[in-house]
Each structure stands twice: as C-alpha cells, then as structure tokens.
Amino acid sequence: MADIIGRLREDGIQKRVIKEGRGELPDFQDGTKATFHYRTLRSDEEGTVLDDSRVRGKPMELIIGKKFKLPVWETIVCTMREGEIAQFCCDVKCPFSDGDGAGGWASWAGDQPAHWCPLTLRQHVVLYPLVAKSLRNIAAGKDPLEGQRHCCGIAQMHEHNSLGHADLDALQQNPQPLVFDIEMLKVENPGTYQQDPWAMTDEEKAKAVPVIHQEGNRLYREGRVKEAAAKYYDAIACLKNLQMKEQPGSPDWIQLDQQITPLLLNYCQCKLAAQEYYEVLDHCSSILNKYDDNVKAYFKRGKAHAAVWNAQEAQADFAKVLELDPALAPVVSRELRALEARIRQKDEEDKARFRGIFSH
C-alpha cells in the first residue's frame, strides 16, 4: 500500500484510507467494471460538496481502459479494493515525474486538507465540470451529451460560455484542486457483466439497441414502468451518441433519428404512466417540430396537455389526431369526454370553494 500511495503522491494525488477494503487488490485489467459511490468536494475550508452519487441514488460505473473523460478517476479507483472507502485529493494538474515527490497536500485540518503545494504538467480535474454536467444530465433523465458536439473536452470548455450550472461554470473558469470521497462497492472482471451503453463501442451500441428496445417492451408489459423507461432511455442514449458523429440532416443522421423517435415515444408513454406530464410535453413537441405528421406524438401530447389542464391545447392535438387518422375517432372521443368530465368537476369544485369564501 505504501508504494501505491507514494506513486499517487508523485502524480499529484494524495490518498487517505478511511476504511480498509476486503480481499486482494484486483488487477483492474482493461474491461474491468468498477462500481462506486463518489462525493466531490471543493478544496476550500468549508469542503463544499459539488456532487454526491448517494443523493442521486445511483452509483458510478466505470469501465477500465475505455478512455473516460476524467482519467484521474481511473487512476484512483485502480488503487482500491472492494468495500474500501478512501479520500483522494487531486491537484488541477499532476507534478513533473522527476522523482522528488514534490506536490501534494502539505497538511490536514481535521477531515479536510489545509494547504496544497502544486507543480504542474498533465491535467487531473480540469475536465471535471464537463463530466459533472453529463452525470447531472443522466441523473435528471436528460441526454448526457446535451449541449456537446464531437470534439475534445478542452475545445468544448472554451466553446461554451455556460454549462447550465453556476457551480460548474465557476469551477470551469477558475480550476482548483478537488477532493473525491470514494466507496468501492463492486469490481467485476471483463465478461462477467452487461455493459452500460456509454461504455460500448459504436458497433456494440448499434447491435444493442434492438435488444434493449425489446427488454423495455417486456418490462412495460409486465407493469415495470420505471425499469422500462430506463431501458428506452439507454437505447436512446446509444443512438444519440451515434447520431452526434453524423452531419445533421445527412441520410445517416436522419436514419438514426427515425430509430430514436419510436423509442422516445415509448419513453413518453412511461412518463405518462408516471404522471410526469411536462417531460412528455417537451419530448413530443421536439418530435413534432421535425415530424409534424406523427399521430402518436400528437396523441400523447394531447393526453399530457389534458392532464395539466391545458384544455385548448389538448383539444387541438386530439383534433390533429383525427385529421391524420380518422380510424382513431373512438379513442379520441373517449379522451375528450374524460377531459370534459374533469373540467366540469373542477368547475363545480371551484364554485363550491368560492361559495364557501363569500359566505363568511
């Protein structure tokens, strides 16, 4: 362990073991999957928390050797055993490998490092804001690549004025050392787990989409709506990643977009069941902005409008459904009757409420 900590220190990383792990240190060959909880803190006196995977309810999954955008995470998790909890203090850049061991945390104040003495060379945490934005997007059910295009991380940082998060914008403009609290939950050898979409090659993504799609359909039929939505989301993420590498409007881009649309509609169906109506409105509108003859998008958006009391918008969408597919008249009539009944009930409740107010 002492030699590992020594090598990390030479690389501008200070490790402090909080809880020993179990078993031997894995060899972490390429393709090994490390599952861990992380908490990212600023190196200020307050130890301000930037991100916490426990709060989001899902641990991080990292595939070794897949060129993750934050290589320092791969460096530090490869020093950990299952069950281990450790704190890593990482400089903005690592020091020169001149063997003098310079650079690192000079002292500790309680649980927090008190002073950092950096030397500079390779970047350690400069790209953290971009990575954190993608992870936050995933946690919020958004496209992890939203706002990015196919170029290197440094170029993206210079190209975009804002990441949409004030704390990440501040960190991007003024990089500083970061502290990572890591709890290693599980280490899986290559071939013993199913890869997540982000860790797949382009060829693996293309082959996985129909399989993931069918898994989502099965889960939905079984009433496991939340799990089905996650599958549809994974399939969409695969296709979005492939689409990002194509010229917008090109035949290949359009073909991928046409594969995304039915998956996105299935995802919207799950969100309707979960009563997350505004997300349905956003996604269906994005579909209709490109494909204004998509009956399912109008129908699902109409249901979402009705659910949030946008009566006129709902009626307009249902009218468009009838225009595009008159055979759906019975279904649309049922939805309109349900909407009218809810409106009458709401009007009666409002009248009763107002009578109670004015009677006092």
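Even glycines carry a Cβ here, placed using N, Cα and C.
Note that TrEMBL annotation is computational and uncurated.
Lifted from TrEMBL, the feature list:
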- 31-84: domain 'PPIase FKBP-type' (DOMAIN)
- 295-328: repeat 'TPR' (REPEAT)
Can you tell me how the residues of the repeat 'TPR' (295-328) break down into helix, strand and coil by DSSP?
30 helix, 0 strand, 4 coil
List the helix, strand and coil residue totals of the domain 'PPIase FKBP-type' (31-84) as derived from DSSP.
11 helix, 18 strand, 25 coil
